[in-house]
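Engineer: Sending over a structure as structure tokens; questions will come in a sec.
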């Protein structure tokens, strides 16, 4: 839509807004929220151009970036498709003496931190001739720049210096979260758009993390909460399988829990695992094979798998059970299986599980990334731990994210989750590009969206730290069971298969095992028994 940048006489505000609405036909809604105009039909091309831009920005020599110096900006009219063409042309110019249309801005205008003075966030021009919004942005050194954005002409600035922008990007994310907490949505809306523009100048993990957090903030600001449906559960299962293949976190979770279960079942003739996190049953082939190799022959193995309903009432738990039954037959393990569909673990009752006397059958209860989902419903976690207590298992294995994303204070959980997922995405950067990696990032992005955009019962990604779980389990009548040094050594060997083990770290903490990236623990495996007290 062409606009006159010089004459604003007597244009009706309502008419202008209608014109903008008409102009948005065919535009992607979520990107529009972030301030980008991208037609749905252009999405594939835009994605390809972004990928080309990332490759060129990472490969180009520093000297060749002189035209994109720190003092330089690209003016972005929010038409992302056109802007990408412009950036690609600038980074790969014609051989002729082409001039770059880059505008310099004074150093004082380069902001170190985003904050918006809400008192001057909206100011209508006198006489009604021009509809303007004055926004005052402050930087940490006290320098102030006032920008005036008219409804007739809005020009967004995208700075290209990646390192300095990274600092600004983090400041903008935190400032936006603070504005959301204070319910200052005018400020939050302005900042979330700035985040979108700053994120484009980043490469690698930083850009991906910022984009997911920007989406989550936008959803919270505009109340576009992601839905929770059976289809979402099915999608999450699929994404989790890609995550399992891409990086060692789920493999570590399964391996360490299995080691604790294997040790608890030593010498038992009949064993029963109750899995709170059945999903696709990825954890159990390895345990079954270990049981098959046990001296003196394998025990009778009974598995009870619990999972959420599937779309179209598809019985995926039965299908998983059939696959495991075929494996059991091949490795000569006597196998029994039963699947339970439950909307929530809080619907379970011990009487449903056909428990047998402990002298006949030994039981293990297993939960991987499930218990935190109960924390949004009053009394749910206490009920489930009460059921586990009634089961009287030999061992209760639990794997949870090692981070507190369940603070009642929004800014606290936002800050914690920003650090946590930045580390996780950073650990994925060494993974070769491919479908598994992309789907793993989507898997984590959905978690980010839930932590930031949702509240009440819809917010299920309520991760807590091992120390918080330790207190909760202690109050419910459980005592920690030490996970042996054998598991520690073998887990360390497992990590060597990923990126040569570089960057990953296994730590022992009071009998529990943690897997982290560099100095940051990310997931924790713990084992519990009924307290003798």
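Backbone N, Cα and C define each Cβ position, glycine as well.
Got these off Swiss-Prot a minute ago, pasting:
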type     : residues : note
COMPBIAS : 1-12     : compositional bias 'Basic residues'
DOMAIN   : 160-529  : domain 'GRAS'
REGION   : 1-24     : region 'Disordered'
REGION   : 167-221  : region 'Leucine repeat I (LRI)'
REGION   : 240-305  : region 'VHIID'
REGION   : 319-351  : region 'Leucine repeat II (LRII)'
REGION   : 363-450  : region 'PFYRE'
REGION   : 453-529  : region 'SAW'
MOTIF    : 28-32    : motif 'DELLA motif'
MOTIF    : 50-54    : motif 'LEXLE motif'
MOTIF    : 73-77    : motif 'VHYNP motif'
MOTIF    : 174-178  : motif 'LxCxE motif'
MOTIF    : 271-275  : motif 'VHIID'
MOTIF    : 371-375  : motif 'LXXLL motif'
Engineer: As a test of reading the model: what is the averaged pLDDT for the region 'PFYRE' (363-450)?
Structural biologist: 96
Engineer: List, by number or range, the same-chain residues at least 6 past the motif 'VHIID' (271-275) whose CB is under 8 A from its CB atoms?
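Structural biologist: Apart from its flanks, the motif 'VHIID' (271-275) reaches 261, 265, 283-284, 287, 291, 299-306, 353, 355-356, 361-367, 391, 393.
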Engineer: Thinking of Cβ pairs under 8 Å, which stretch from 167-221, 240-305, 319-351 has the most of them with the region 'PFYRE' (363-450)?
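Structural biologist: When the Cβ pairs under 8 Å are tallied, 240-305 comes out ahead.
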Engineer: Using a Cβ distance cut-off of under 8 Å, indicate which of 240-305, 319-351, 453-529 has the most pairs with the region 'Leucine repeat I (LRI)' (167-221).
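Structural biologist: Selected stretch: 453-529, with the most Cβ pairs under 8 Å.
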